[in-house]
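Let me begin by presenting the structure, written as structure tokens, before commenting on it.
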Amino acid sequence: MLMSQFDVNLLVLLVLLACGIFSQNAAVTIAAGVLIVFKLTPLSEFFPFLQQHGLNVGVIILTIGVLTPIASGKLSGETILKSFFSYKSILAITVGLLVAWLGGRGVKLMSSQPDIVAGLLIGTVAGVALLRGVPVGPLIAAGILSLVLWN
């Protein structure tokens, strides 16, 4: 097979699929599998849409998941109000503010220095596949990197 015919991106997706299966990580397995199907079919025409809106849609779905206990009543209004008087909850609010700030810095860094995106993605996917992490890391990782780089 000629190097010009060799699709490194497909190989990476296949390796990620294998990592997801091996580590029993459904998120990586499903994501890699879906992207392989898109890549090998006419669905590939939707890649620009996924690239432009995928992150926002993912954040919206994640936020819906986080807010569902409030909407369903599983987390009562009384419990929410009491949380403002607990040192653990106040610390959690502070950490949440810090993480949101880091995510904002991460978006700026990834936009201004696209050469680091591949490394951040590889690190995040490896963390998800091998360490059973959750794929919310690239923005936060980029935010932390922006602090390390003094950017």
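Even glycines carry a Cβ here, placed using N, Cα and C.
Taken from Swiss-Prot as is:
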type	residues	note
TRANSMEM	10-30	transmembrane segment
TRANSMEM	53-73	transmembrane segment
TRANSMEM	84-104	transmembrane segment
TRANSMEM	116-136	transmembrane segment
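If you look at the transmembrane segment (10-30) against the transmembrane segment (116-136), you find at least three C-beta pairs under 8 angstroms, all six or more positions apart, and that counts as contact. Long-range contacts of the transmembrane segment (116-136) within its own chain (CB-CB distance under 8 A, at least 6 residues past either end) are made by residues 16, 19-20, 22-23, 25, 27-28, 31, 62, 109-110, 142, 145.
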